[in-house]
Amino acid sequence: MTLVPRALCSTAQAAWRENFLLSGRDVARWFPGHMAKGLKKMKSSLKLVDCIIEVHDARIPLSGRNPLFQETLGLKPHLLVLNKMDLADLTEQQKIMQRLEGEGLKNVIFTNCLKDENVKQIIPMVTELMGSSPRYHRGEVSEQPLMFLLDTPGVLAPRIESVETGLKLALCGTVLDHLVGEETMADYLLFTLNRHQRFGYVQHYGLESACDSIERVLKSVAVKLGKTQKVKVFTGTGDVNVIQPDYPAAARDFLHTFRRGLLGPMMLDLDILRGHPPAETVP
């Protein structure tokens, strides 16, 4: 694994990294090439629907949206559902709503589908939006059932300009882990947690302190979980089997623990909401 040479392992008041260095990575390869085709197909299906329900992860309410999607909507009634609210830090919810409204999104619902939280608000709002829409001029309206749902696969932007946006999407599981690299993602997660003063990982894994070195964190995680592997080392006197931490396995556990919400709620778009510039620098 290629690591930024940094070993800040001290207290929560440490000077954490201000930039995430990710060189030699082609972000375009992280995203399947069929996304543009999927968006085009979705656009052709719009004539069959009266209202569009857009669903995203509440942890990335801004960077998670496809900028090209808005162009396909036309004048159709539109509802944005931000799911997994239980995993998101919604302290800045008002700012989120203001930013979305500035993008033309006035109808937004935060939900947790697993616990049916706010989900029952969706159908009444959709009904209201369709009833008040000037484009609601269908000659035949369904009564039983009252509504049909036309589902489509998730469609990411065909091209992601920002490395950090790509990493946020990857942390939320919208990109296959192996395309980005689990250890790279774990490093960005650690960078983000420390930057936002979220040190739940210290208690969860029983670490001595917060740490800015992903190598040290993953080593501690691997040891705690008993995830080690035998590695053959070639020496001048012969081959020697050495027990080493299984860094990929530790990285996977770190990512899965975050995605299950066990490291605490997170708002990955906090930098955008606070007007901070992108954190990464790519030489």
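Going from the start of the chain as shown, residues are counted 1 onward.
Heads up, the Cβ atoms here are built off N, Cα and C, so glycines get one too.
TrEMBL: automatically predicted annotations, no manual curation.
Here is what TrEMBL records for this protein:
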BINDING   Asn83, Lys84, Met85, Asp86, Gly154  GTP binding site
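Sequence-distant neighbours of Met85 (GTP binding site) (same chain, six or more apart, CB under 8 Å from its CB) are Ala58, Phe110, Thr111, Asn112, Glu117, Asn118, listed in sequence order. In sequence order, Asp57, Ala58, Arg59, Asn112 are the residues of the chain that are 6 or more apart from Lys84 (GTP binding site) and have a CB within less than 8 Å of its CB. When other Cβ atoms within 10 Å of the Cβ of Gly154 (GTP binding site) are tallied across all protein chains shown, the result is 10. Summarising the GTP site geometry, the residues cited as binding it (Asn83, Lys84, Met85, Asp86, Gly154) extend over a maximum Cα to Cα distance of 21 Å.
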